Each structure stands twice: as C-alpha cells, then as structure tokens.
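Q: Structure below; questions to follow.
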Amino acid sequence: MFENILTKIFGSKNERDLKRLQPLVAHIGSLESELETLSEEQLAGKTVEFRQRLAEGASLDSLLPEAFAVVREAGKRVLGMRHFDVQLIGGMVLHKGKIAEMKTGEGKTLVATLAAYLNALPAKGVHVITVNDYLASRDAEWMGRIHRYLGLTVGCIVHGLDDRQRKEAYACDITYGTNNEFGFDYLRDNMKFSLDDYVQRPLSYAIVDEVDSILIDEARTPLIISGPSESSSELYYSVNRIIPMLEKGETIESRDGRVGQTVREYTGDFTIDEKAKTASLTEDGVAKVERLLGVENLYDPGNIELLHHVNQALKAHALFKRDVDYVVKDGEVMIVDEFTGRLMPGRRWSDGLHQAVEAKEGVKIESENQTLATITFQNYFRMYDKLAGMTGTADTEATEFNQIYSLDVMVIPTNRPLARKDEGDVIYKTNREKFLAVVEDIIERHAGGQPILVGTISIENSEVLSSMLRKRGVPHNVLNAKHHEREAEIVAQAGRKGAVTIATNMAGRGTDIILGGNPDLLAQRESAGAENPEAALAQALVKYQEVCAQEKQDVLAAGGLYILGTERHESRRIDNQLRGRAGRQGDPGASRFYLSLEDDLLRIFGSHRVAYIMDRLKIPEGEPIEHRFISKAIANAQKKVEAHNFDIRKHLIEYDDVMNTQRNVIYAQRREVLGGEQLPETFAAIIDEMVEDIVATFCPEKSAPEDWGWASLNEDFFSQFNMPPAPLEVPASDLTPTVMLEHLKQQVDARLQEREAEFTPPVMLHLMKVLLLQTIDAQWKDHLLSIDHLKEGIGLRGYAQRNPKEEYKREAYELFLQMMGRIRQEVVQKLFRIQLAKEQDVERMEQRQRRHRISLNRAGGEAEAAKPVVRDEKKVGRNDPCPCGSGLKYKKCCGQ
C-alpha cells in the first residue's frame, strides 16, 4: 500500500526514467530543420565527422542527439518514414543496453536503426538479431537502405552462406541475422584450424528483436554441433514394435492414516505425468518389457543402452503427438516450434528421441549424433560487451531478464492511445461446446465485415476449426507449419474486410496486419507474370490503393481487427502477443479468449475444484460460464507454469555455467594455439610437467633409490617419449629425485632438439599446432559425452542426501582435469613418435581436418548426420598405419 502511495506521488520508476529522456528528445527535434537543408553528400558526410570526433575522444553518449537526428532525416529521405518521438526514446533505451517494450505496430524495426547506427560508429560491428531468415533478409534490405545512405556497410547472415560470404557479412558495420546463425558461427569458429578462417569478430553490441522469444522461449534449447556416432538404428525398430503392446495406467493417490503420508499406487504398464512431461514404466510394465524383449533384468548395467531406448520410445509414443509436436513431411519428421507454430527443418531432438519418433512413424531413421560443440543462448548472448532488445511483451518477464542477463526493461508509451478492447474470457465445459461457440462468433462478425484473426495452439486444432468453417461455408485462410510458405502474404491481408485467418500461435510475428489490406502486396500478386510487369504493377497499385482505402473505412466502422484466442497459452506473455496484433497505431480492435475445462492448461495445472464447481453449478450444455473463481484459477495456473519454467531455465543456466567456464578455457587455448607464437614454450612446459609427474610417482622423496619403481619408471618413460631412460653415471649415495629429474629433462630436451633439426623449425611448429588442435578437439568431444552421462544420473545423488548441483560441479571439474591430462599425454606421445615426413604430409593432415564437414544440430534439435568426407587420396583403413607417419594406427591418430 505504501508503495502505491509513493507511486501516485512520484510516478513509477518507468515514468521517471522516461521523463529523464525528454530533454534529449527535444534536443534531437531542434536539429531537424538544420539537417533538412543539407545535401545528400553533406548528410552522408556526418558519419565520417562522427567517427573523427570519436577518434578525438568524444563519447557515443555525446554524439547521440546529432546521430539520432541524422538517422531520422535519412529515414525521411530514403524510406519516407520519420521516427516518432517515442521511437527516439526506444532508440535511447537500446543504446543504454536495456530492453524496450513497444507494442505491436509501433515500429520496432525502425527503432533499431537509431541504436545500430550510433553503435556502428566505433567500427566494432553491430549485430541485429531476428527470429527467422525472412525477417533478417527483409530488414537488412529495407532498413539497410538508411545505413547505406549514410555510408555504413550492411551484411546479412542467413542459412546456406559459405564461410567467405559469412566473413564479408561480419566485417560490415551492421550485420542482420538469426540467433541460430550467430550462435552456430561462434561454435564453428572454435573448431577451425586457422585464425584466418574465423568468420566472426569479437562480440561487441547486439540488438535482439523479439527478445522474449529468443532469450526466454528458446533459452532451454542449447545449440549443438554434432557428428555421426556409431550407434545402430536397428534397436529403435525392435523397441518400437513392443511399445504399442503396453497399456497406459493411472497414478492413484491415497492417504495412509498410520504414517500420515500420501501413498501412490500405479496401474497399467506405464503412467504419464503431464506437468513434468514424463512417461514412466510401472513394475508390471518393466516385467512385460523384459518378457517381450527376452532380457532377464532391464536395469542390469549391461542393458543400460536398451533401457535408454525403451524410455525414449515410450516418450515418443505417449507424449509426442503428430501435427502438434511434429509433422511428417516428405518422409521426414519435422519439429514444430511450440512458441511460433513454425516448422524447424534441420533441427532434431537429442538423446535418440528423434530416432524414436522416426521409428514410431515408420520413416527412415537417421543416424544418431554425438555432440562436438554446444552452447546455450543464455551463455552466447552474455558474451556481448553490450546487449539490448525489443519486444511487444517483456514486462511480465522483467525479473528473469534482470536476474539472468542483467537487462532492465523499459516500457515505451504508444505513439497514439491504445483503443483495443480486451473482453473477458468465455469458458465452456467441453472442447466441442467451445469450438461450436467460436464458429458462431466468427460467422456473426464475418457477416458484419469485421476481419478476424483466430489463434490456436496446435496444427491439429487449426485444422479442426478450418473443417468446421468450411462446412458452414465461411471463406478463410489457415496459417500453420503446413502452410508456412504464404505466411507474409496471408498475415498482410488478414486485415481486409471480413477476412478470417486461422493462425497457430504467433506465426507471422514481424509482419503488421494493416486494416483494409496491404495494397503493395496485392498489386505485386496481380502483376506477377504480366508481359510488362512494371506497367502492370503501377496500374494494379492505383486500383488496390483505392480498394484498400475503402475497405479500411468499412473495417473501422465494423470495430477493427478482432482477435479470437481458442486456448490460453502456458505463458501470459504469449497471450498478450496474440492480443497485440490488434489495435496498432491507435486503431480500434477487440480481443477475447474462448476456453474449455478440457484445455491442457486447466486440465493439467488447474485445480480439481474447478471441475467440482462446474458440476455443482449445473450449467446446461452450450452455455458459457463466467465465474470469478474460474478466471482466478486460469491466472493462477499460468503463474504456476511461468514460475515452473523460470525455475527450469535458472536451473539450466546454473548447470551450463560449469560447462561455460570449461568451454571458455578450451576455446581460449585453441586461439592461443592458432596464434602459434608460444607453441614451443607450451610444449616445453607440458613435457617438463610430464617428466616431473613420472619422477614424483616412481622416485618418492623419502625413499632410497633401490626402493624406487625402476621397472615402472622405464616403462612409463618409454611410453611417453618413445625412448628408454639413459643410464645415469652417478654414485647411489648422490642419487636423489632432483638429480633424476634434471637427468631425464636433459635427455628429453636433447631428443626434442634432434626432432626439430630433423623436421626444420617451421615444419615442427606447424606439426605442433596440428597435433594440439587435433587432440584438443577429440578429447573435448569425448568430454562432452562424459558430461552428458554425468548430467543424466546426477539427480539420483539427492537420494543420498547430497546436493546434485554441488556434486555436478565437483565431478565435472574432475572430468575436466582428467581430460587436460589426456591432452598432454597424447600430444607428447604423438610428437615423439611421428616419423620424418615431407612437409606436404603435415599439410595433408591439416587438410584432412579442414575437409571434415560437420552437420549442424540443435538439441531441442540436432540436424542431419554429417555425410562421409570425399577424399582425394586413397582411403585409409582404421587399422592401417597412419599416413602422417606417427607409427600409430590411423584410428588412434588422425582418424579419431
């Protein structure tokens, strides 16, 4: 209450922050008339002037008013678009490294040009990050015209570019692209064999469009680069055949009065926990699986892989639904993005889940992949020196943005007052009643000429509704993952008179719905294929400008765009995004959600008391329910899910921070090796450490030389350095561990100098680099697999009254130290065994690594497996001597 009184007197923090920016807005406005008089060359020359002033010590903050005024003037000249005052405020918020919450239709894309231009002046590179390739290409071309007009270079990173094109795009002042491409390029760079092959520059400043989608919705999905593993696909088919024979059971909870605790009993062969999204075998189920597969004990350590396959197959059948979680298209299982409803070609679920779904659907099973490099978006974006973002809905997640990314959210006022009317939820008892009511509402509003955007949460629901409308003769468009090709066109025309558009989730984000329709797109569609396209386009444009202007008046009279949600999402933010499609730039509009007690949100997270009250109210079929208690139950259910998902994301980053530290160490070492300047010193230090370890192990400080482990010392020394220890001409009384250490070091140093003389210093340096990189990469790959196994079982430590997170940190650190030890051991063994070879043999070793193409993957999804490398030279067998001349088998050397 006290806080409310203070807010009324002094205004909220957001209002006070906005007030502080008003003088800057006025300053920018005062420069407008002066800049209007400048010629094209003079305006573009301002960029050179600003860069000169920066070089002389000026700060970006001091240049902000002039830079923003220059961008505003360029926008007027190039695009015919003038930045509103609220857009200038949005640009300032982005420059300060904060999140600007701006409602749909307020021109977020144009806002980004202000902060991007200002922060591009130091020439360190600005990344503008969007959610898909279409928006990245569109914005790079559309908004890039402003930047190019002012003398800046603009690049665009989309799927399918080669390394040369990517490097050119990253070298530009401003680079547009998707979050996936930026993240994968970072991982790929850290697998390169030359610094010249790196495509990215150091990460300086990023503006993330739809920041909530990328930093929150996608945060639980790590980026993964993977290569093929050696697992067989046959086991997936074998296990898949038995899953349909299992019967789904229930969890029955009862109260044990003697101990005062809840007791759970399980029926059937497996049970499903929809809240946790897990499926588990019951005791009867385990016995049945053992009988069907012909194994004695499914939980025997020897059957651990089989158990994993059974669990994944059970999950594929019980939890993953066709046309909801995935679609089958052209003989492939394609994931559907749960937040946008878009298909995600190339992405695959990890841990064999994707293969289990492929077996379930009877399509070809792609080989399972092994992780070679991975990072979460959370840790990737935290590497930027400065990070900012834009979205229409961030305030509900302000705490998470602050805690995880240290980003504050500022709500930017709309240019015109919001005129949308958000009506109360209408709740029905069953899905059937709900959809019948939805159809009646659509028919009534369609007859009145009001455009309607219907939001569904799955492809299945959108097609059910489409079928019902077709039967009633209502013309409509369906926009879901199956019909995504026409997305921009369908969304752009969703504001036409009487238009009915059914869209899964937030498909179409980034394209404004213009009341009356978009004359440009209509004209382009009509003139396509004409004999004289330019003349046809001009003629069609005049026609459709008149048509759309008239339709806009009719639509405004009918009440503007009507948003009809058919189910609440787990997150209030996603619901707000759907509502936000109506009421852009002060236009009228309305929104309403139709719900049923069979909706997943209420069924899984809603209180059982809701259904009880429904029965007591005796509501007749087809009648909606409006009850304060039920509305409150919906709000509570959403808050529960949001809190649950926040905990998962927080939990994920705490675990990933451990890997992040290790990843930074490995990637920093790779960069040092690629620099190559300190390589001889690095190898000398590694060799000294190894000799010290041997002496410390077999020549204890307080024991007599005759008690030393001479046989083991000789064996270990030979294993490492490919030579026996030289005889030591020293009386036994003078022999100490220190004397032994110096003797062995001198012997190894002498042999190393001989090797360098054999190879010549340049070849030796090159060889050291290749050996180190090759060994680091192979060991890091194995380490990632070990960490995956550690993660899988770490939760069980809780049963031993141990903190799983602390145990994970400790064991991950031990695994890391073991990996570093193996790297040292392997590179030294190879260096002392490698035979004198021609310089081109060493080059060939490096070329073989370069040619090894790795498939890109995303867990949440992994992409398809890497194709075999096409070799120019004769293929080497795994057990043949390695052609590099090390003396080792190929599989133990370059074939790792």
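Cβ atoms here come from the backbone N, Cα and C positions, even for glycine.
Note that the structure is a prediction, hence the values are computed from the model and not measured.
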Q: Between 568-596, 829-857, 858-886, I'd like to know which one Swiss-Prot lists as region 'Disordered'.
A: 858-886
Q: Look at the ATP binding annotation in Swiss-Prot, where Q87, G105, E106, G107, K108, T109 are given, and name the residue from D425, D441, D512, D520 listed for that site too.
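A: Matched candidate out of D425, D441, D512, D520, per Swiss-Prot for ATP with Q87, G105, E106, G107, K108, T109: D512.
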Q: Under 8 Å Cβ-Cβ from K108 (ATP binding site), six or more apart in the same chain: what's there?
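A: Same-chain residues close to K108 (ATP binding site) (Cβ under 8 Å, separated by 6 or more) are G90, A100, M102, D209, M390, T391, G392.
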Q: Name the secondary structure element type, per DSSP in three states, that contains G107 (ATP binding site).
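A: It is coil.
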Q: Within 8 Å of the Cβ centre of Q87, G105, E106, G107, K108, T109, D512, which other residues of the chain have their Cβ, at the recorded ATP site?
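A: Once Q87, G105, E106, G107, K108, T109, D512 are set aside, the remaining close residues are M102, T104, L110, V111.
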Q: Give me the largest Cα to Cα distance among Q87, G105, E106, G107, K108, T109, D512, the residues the record lists as binding ATP, in Å as a whole number.
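A: About 17 Å separates the two most distant Cα atoms.
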